[in-house]
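Right, one structure below, let's go through it.
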Amino acid sequence: MARTGPVMRWPQVLGSAVQTLPTGSFSFVMASGIVSTAFAAVGWPVPSLILLIIAAAALVILAAMTVWRFASFRSEVLLDARNPGRAFGFFTIVAAINVVGVRLYSPASPTVTIVLAALSVPLWLLFTYGLPGNLMLRPLAGPVAAKVDGSWFLWVVGTQSLATAAATIGGGSRSPALATMAVALWGIGVVLYLMLATLVTLRLLTVPSKPSSFTPSYWIYMGATAITVLAGSRILLLPQDLPVMAATVAVVSGLTFVLWAFGAWWVPLLVIFGLWRHVMHRESARYEAGLWSIVFPLGMYSVASMHFGAAARLPLLVSIGEAGTWVAGAAWLIVTAAMVYAGYARLLGRPTPVTGGPAAPQ
């Protein structure tokens, strides 16, 4: 009988991993990149550099796997794009590119950030019009609003990641065009958040709750506010003599604080959702790609708090961000350990309860 060890199984496992690659797989890059940024902000350069290397390497690997999947398994990609519970996971590609790009930004050498931001623009345009348009115009079994979930907030996250990149680059170049683009994208992201928050909240209040429906993707509810706060903080650091700043600085500052507070308000409720699912209803805890949808918001909220606290001269927010960094770092380690274990079990051919995607179809 032929032996099938890990080495023998590797090609099959890799092919299967590409075919079933979750749309939200780039959330690992997002989480690693933003926790790296948080560690850099609190003065821990070594773990920050390690996480940056991991994020950059994962971005390249996942990009190659995504191209491979589109070339070899196009029907699966199109099915994901038509699935309301998976389609918005594609926005993690845009967000991951810009999280890494902004992390690599240097005023003396902004080329990498500019190139990555430029690469993300056509992807954002494709996803921001193609995915919602497809869901709105294509006949579905039942109303699309009944299938909305936390993963839809990735639309906001992708948009605000581009706003953050534009503000970061614009601040270094003093470009009025980039500053205007940053504020415009930030405003679009805010309106998208308000619209999607209404839809998701209505669904939570009108559709019977099941333990399986409260996936980790609901943490993006808070993560979307956090990246909006970060983008707003970057905008507030733009040169104040730019025309767009004179017209919008008060609005950006006020709404940024409101969204920071709203994000903080969501954290206890999201913890309650998790306890209700796993403690009261004994839903088994297992590794899934969506767990990075918890790590990323924790890291993003920490970074956003530190940046906004510094920009608005609110030391309490800076302290909250510094404390949150260690929570985000611990969460990254726990989810990474679970991911490695699940991957090793899959390589050995053991049954594993790994699930994929930012949210399972509801």
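Each residue, glycine too, has its Cβ placed from N, Cα and C.
Now, the feature entries from TrEMBL:
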type	residues	note
TRANSMEM	21-42	transmembrane segment
TRANSMEM	48-68	transmembrane segment
TRANSMEM	88-106	transmembrane segment
TRANSMEM	112-131	transmembrane segment
TRANSMEM	152-171	transmembrane segment
TRANSMEM	183-206	transmembrane segment
TRANSMEM	218-237	transmembrane segment
TRANSMEM	257-277	transmembrane segment
TRANSMEM	289-311	transmembrane segment
TRANSMEM	323-344	transmembrane segment
Other parts of the chain folded back onto the transmembrane segment (112-131), taken as Cβ under 8 Å at six or more residues beyond its ends: 81, 87-88, 90-91, 93-94, 97-98, 100-102, 104-105, 155, 158-159, 161-162, 165-166, 168-169
Distant-in-sequence neighbours of the transmembrane segment (183-206), which means Cβ under 8 A and at least six residues beyond its ends: 145-146, 148-150, 152-153, 155-156, 159-160, 162-163, 166-167, 221, 224-225, 228, 231-232, 235, 244, 248, 252, 255, 259
Result, the transmembrane segment (218-237) in contact with the transmembrane segment (289-311) (3+ CB pairs under 8 Å): yes
Chain residues outside the transmembrane segment (218-237) and at least six past its termini with a C-beta under 8 angstroms from it: 95, 149-151, 153-154, 156-157, 160-161, 163-164, 167-168, 171, 179, 182-183, 185-186, 189-190, 193, 196-197, 200, 245, 248-249, 252-253, 255-256, 259-260, 262-263, 266-267, 270, 273, 293-294, 296-297, 300-301, 303-305, 307-308, 310-312, 358
